[in-house]
Amino acid sequence: MLLLNLIVAGVLVSICFAVHFAGLVGLSALIRKRGDTHVNLSTVAGQGVAIFFILISLFALHSIEIWIFTFAYLALDIFPDVETAVYYSTTTFTTVGYGDVVVDKGWRMLGAAESVIGFLLLGWSTAFLVSVSARVRSFEARIEQLDDD
């Protein structure tokens, strides 16, 4: 059973990494393409809109990744219904892990793998958000410098 756990976990982790990577690359491309032209980053409101868009996009990415594990739990018949599966997946992915819903002993490694990938992807998203925020601030600084000249 351990080998099956590791294989399933490896596949799901790889899919989640690919989804996250593609999502961040797509967001980066969108920011570069549209950032300076469609949102006025020199205003607090414009910066707020840009950051809000990034936050919503990151939330959507994490939701997709949680649902990937949810569908796997359902396909493997680990949980009896969608509500329990998505609840377990969410608390595990975010490493909250209340412990009120647990997987059968045979699938514990899959839950552990979801915790690890969730922790890594949340950290990656945090780094991305900090990077975007720094770019927004640097754009604001360039505007202020032009105004001073």
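Keep in mind that glycine also has a Cβ here, set from the backbone N, Cα and C atoms.
In TrEMBL, annotation is done automatically, which means it is predicted and not curated.
What TrEMBL says about this one:
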DOMAIN    64-132  domain 'Potassium channel'
TRANSMEM  6-31  transmembrane segment
TRANSMEM  51-76  transmembrane segment
TRANSMEM  116-136  transmembrane segment
For the domain 'Potassium channel' (64-132), DSSP counts of helix, strand and coil?
52 helix, 0 strand, 17 coil
Taking all residues of the domain 'Potassium channel' (64-132) together, what is their mean pLDDT?
96
